[in-house]
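Heads up, the thing below is written out as structure tokens.
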Ligand SMILES: O=P(O)(O)OC[C@H]1O[C@H](OP(=O)(O)OP(=O)(O)O)[C@H](O)[C@@H]1O
Ligand SMILES: NC(=O)CC[C@H](N)C(=O)O
Ligand SMILES: [Mg+2]
């Protein structure tokens, strides 16, 4: 899951884009980048690392201009080389830069067509570079020297016709303006907002509304599935629907884990959705295990806190912060490589023995994916003296790969794949496991916006809404992107620095 941001302002945007990236850091910890535009000239800085490590004062001074786009990366395609950090740039036509959240599912076909038919060279294995070149080709084929906003929207329609999968995107056209668009299923989130100034309105596009809040922009709304918004450099906003086939299916995992709880996605408060997940799960415990002997509910920080608190309230048992989180360690699930993830769980979380000693504890997490966290945490709870360790997951068993922007491509790496709930319970060493039912999860999220008819629930249900995912595709990405294949390839040593401004 990556984070994207874009600002069109009347004053320099460098610091605000940097601030936006720090707010969106939970969506990607591997690489960060900003590109700005000043009098038609682009300035780009991107590299591997957290936002605070990628930009120093000298970079910031060079990122001049009143409009720009930015990205934090969590790779789902290609490799972790800094050559694949975003934004990407192509010089023709007009000077385009792009930042993408999501994952294309027909990258290979597009890459081939780009080379053979459109005569475009792709320099990395990133699907986002492919996406940029598709957009560039669609714009170029209009054959215009002076672009209009309608030309830009027409090019987006061309992207929708050719690209499959998930894409929430911002594009900057040098000297012209900034574009935001979302795939016709609206799988990944993206919102836009406005800020009034004496010099006129300013606009921002971002993955999550929390970035707008922090920078003083008022949320206008989500970009609709298939829709595009374009903000001219002068600050004029245009919007247009660019797809005739729309089927809104936002990713339910955003509500479970990815998004910040203080964000509103597709008019649903992530915080409230998590509270409702807690309610539903507690009701399941009451229904299926009325004579339970739970003494205390303990969340596994950070994401599960909201659901766990609500569970304790409904169950009428104590809620205790039994694990303390080291605030300097990031999210473990989105770290590259199982060794690093395993090591980081122990560095990140430490038990307060008093809260466990002699008690029957119900540990609550938002999800169990590879089981990296749960297995270690249960052992820690036992070492701290817990009598019984029960484990509840606010999401159903994750059994199938995600191909829309969450990096879990290999079914065999998922602890619940081909396993019953009882098998998982044994595998992670719990005394009992309670998983959320999928219908309950859907209801918990959907109650915030009943207009949404479907969600992308593929990692729980094996139903892929784009209709183009078959076993051949899944086998191909599993072979390419499973943990051992990636560690054999290494992180990629060559670095394309031709566009960096350092
Ligand atoms: O079963 P696993 O493969 O371990 O994945 C699931 C765990 O990973 C995530 O935590 P993470 O540390 O990424 O972030 P958080 O601090 O936001 O909870 C998630 O909240 C679960 O705790
Ligand atoms: N998590 C994402 O959104 C990743 C974007 C893109 N597929 C990449 O790998 O860089
Ligand atoms: Mg967690």
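Keep in mind that glycine also has a Cβ here, set from the backbone N, Cα and C atoms.
The Mg(2+) site in TrEMBL is built from 365, 366 plus one of 303, 306, 332, 420, namely 303. Listed in chain order, the extra residues whose Cβ falls within 8 Å of the Cβ center of the Mg(2+) site residues 303, 365, 366 are 256, 257, 299, 300, 302, 304, 307, 364, 367, 393, 394, 395. Its Cβ placed at the centre, residue 2 (active site, nucleophile) has 26 other Cβ atoms within 10 Å. Each of the binding-site residues 365, 366 was scored by other CB atoms within 10 A of its CB, and the lowest score goes to 365. Residue 366 (Mg(2+) binding site) falls within neither a helix nor a strand when secondary structure is assigned with DSSP, and so counts as coil. Counting only residues at least six positions away in the same chain, the Cβ atoms of 257, 365, 366 sit under 8 Å from the Cβ of residue 303 (Mg(2+) binding site).
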